[in-house]
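Now, the feature entries from Swiss-Prot:
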BINDING   G335, P336, N337, T338, G339, G340, K341, T342  ATP binding site
DOMAIN    709-784  domain 'Smr'
REGION    527-546  region 'Disordered'
Amino acid sequence: MQQKMLRILEFDKVKEQLAEHASSALGLEKIAALVPSSDLDEVAVWLEETDEAAAVLRLRGYVPLDGVVDIRSHLKRAAIGGVLSPIELLEVAATAAASRQMKQLIMSLHDEHGGLARLADYADELAEVPALEEDIRRSIDDHGEVLDTASDRLRSLRGQIRAAEARIREKLESIIRSPSAQKRLSDAIITIRNDRYVIPVKQEYRSAYGGIVHDQSASGATLFIEPQVVVELNNALREARAKEKQEIERILRELSAKVAEHDEPLKRAVEALAHFDFLFAKAKYARRLQAAKPAVNNRGYLRFLQARHPLIDQDKAVPNDIVLGGDYTTIVITGPNTGGKTVTLKTVGLLTIMAQAGLFIPAADGSEAAVFRSVFADIGDEQSIEQSLSTFSSHMVNIVDILRHVDEESLVLFDELGAGTDPQEGAALAIAILDEVHGRGARTVATTHYPELKAYGYNRPGVVNASVEFDTETLRPTYKLLIGIPGRSNAFDISRRLGLDERIIERAKVQVSAESHSVENMIASLERSKKQAEEDEARAHSAREEAERLRAEWEQKLEELEDKKAEQLAEAAQKATDIIRAAEREAERIINELRRLQKEKQAEVKEHELIAAKQRLAAAVPVVEKRKKTKKATARHAFQSGDEVKVTSLNQKGYLLEKVSEDEWQVQLGILKMKIHERDLEYIGSAPAKEVTPIATVKGKDAHVSLELDLRGERYEDALVRLEKYIDDAVLAGYPRVSIIHGKGTGALRQGVQQFLKQHRAVKSFRFGAANEGGTGVTVVELK
């Protein structure tokens, strides 16, 4: 892209504003070299990088670039064995710190939020050399002075220097405080000449102190003498300072050598930091302009929504929608020379090359920019938009050059096409030039004040007229672009507003042809119609937004209701679960209590105790509403004594003993009898009568047989003897079912018990206990 065109469109001023946001000379160097690209893929990458940098600013608000310095020359000197100064070493440390901090920032944000793939690639090039940073910071202070802590020898030498200086001052102060000092000295001070401590002695007392004369005053009346008593001390001080200088040189050489060790990674880091500074300058500039990332294409289609000229105060700039390359490829902006047309023209060109340079554009989201191979502009005599137009010859030189190169991948901008010559000939030339450029497929925006071009957009496919709105009340352009409406002359309205006599205005109107007058009236009518259409569209847009707002509001309310419903259902389910769990715990406690009573030696469970336990167990069971399907199935079956049923609330099987009320049954559940409501029962099938035989009871304290036999801890042989006797006693007692507790353990006793039961003639069947009966630690035996 020609530098001349960039200068005409004032891209250099955009770069000047962009440079205000750079943090280092490295960033400024990149900005100075910035030129638009005509490669679509490259432009897309540049915009993506700017977008990622803008995302970092949104997430963090800052980037660690303040300490970045161009240290490439430092690295080069260090690499060939040169010694860096303390300030240069500090700049290396500061740049290394910025590299480390930037890498940590980008990588942490990329890991946390994602979406920073391109910046993460650049961050991979950033060096992390904390040891080098620490060595430099430990040796040199912020003012570039080598610290005592740089080495033990330097600390020792500086201690010697301070001690020598103190002794010298002590001796010289004793001289200037002596009674004779007032007479012999020009002033009672200690000063330094040639790096040696001296005192000002009057000329006539030159020999009073002996020593060496190092200087004299301009008049010669005062001599600066190093008294003999401090000559040796000054010599020792000078020697110590020479050694200090040598040690400092050694330290700087050592640090420079360490810098040289990291030469390559630091070089790559400098290049990466330069690019980061460049990208974040673009992101900061976008924030300043309230700019947006445009989509890009190579179809020659641009759509700038609410576009503003970037060099005009953004609070005062009038936004315009500008579309080109769709239904029409040429826009002809007509109307009087008010200045608004040129601003619009430059806005199109400048926003295009900004996008092609990877910059966000001052336009609304949803904007789209075309990537052109060439952008041509004939706008004045390379002057700013505030200055006057150039001559016809200057225009024509530019136009001839443009016509040599223009093609379908070009954007062409003509300002006041055909101006500066005879109006009739100028208008004819303008039409011919537009036809040529339009015919080559270029995208064109042209401004003109010739009325002959007002009809141009109506007679050519792919061409549209436009104008810049003019406020006849304020006599100023509003800078609002009106697409589809040609500009009209406002000379009569302006003259009337300025006080010109109405008779003169009417006389002037007579001189205007009827055709021109008709065209002006038509344009005025178009303006009114367009304004009305825009107002209608604005009202429709407002109504649509209100409808969207209401829809979103109701969707939110519906979502809140659904959430509340789900929350209430979850709460109810939790309450039900809590009730059932409480009932299970109470039932378990009651059963355990019964088992404890039965296991006690010689203990009998009295009838009233058993009844009380049954009642507590029944009270602990919640009444649970079953599903409709279950209720219907239950209603269809007529329960009878002896039916095998399932108590759904307890998930236990049992047998119906007798109906105790209209809708309640007494149910045998293991060793317990309970009253259960019919709605809590599920029919399983009929059962043998003896399955529901009441638990037999042998009267008398000595004749009581427990329903359980606990063999845990017994020796194998003793356990089998007890088991055989227990089965016989249970059969005699008439028990239909008993439980043998053998524990889980190694399984030896369990296997022995079950092997014995297989062979016993009185055993009908046996099984492991259910989860609430003791599991595999218990065998439940059905007796014949």
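Every residue gets a Cβ built from N, Cα and C, even glycine.
Shown on the structure are the features that Swiss-Prot records.
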{"residue": "G335", "record": "ATP binding site", "Cβ within 10 Å": "27"}
{"residue": "G340", "record": "ATP binding site", "Cβ within 10 Å": "25"}
{"residue": "K341", "record": "ATP binding site", "Cβ within 10 Å": "27"}
{"residue": "T342", "record": "ATP binding site", "Cβ within 10 Å": "23"}
Taken over the domain 'Smr' (709-784), the model's mean pLDDT: 85
Secondary structure tally of the domain 'Smr' (709-784) (DSSP, helix then strand then coil): 36 helix, 19 strand, 21 coil
Structural state of G335 (ATP binding site), classified by DSSP into three states: coil
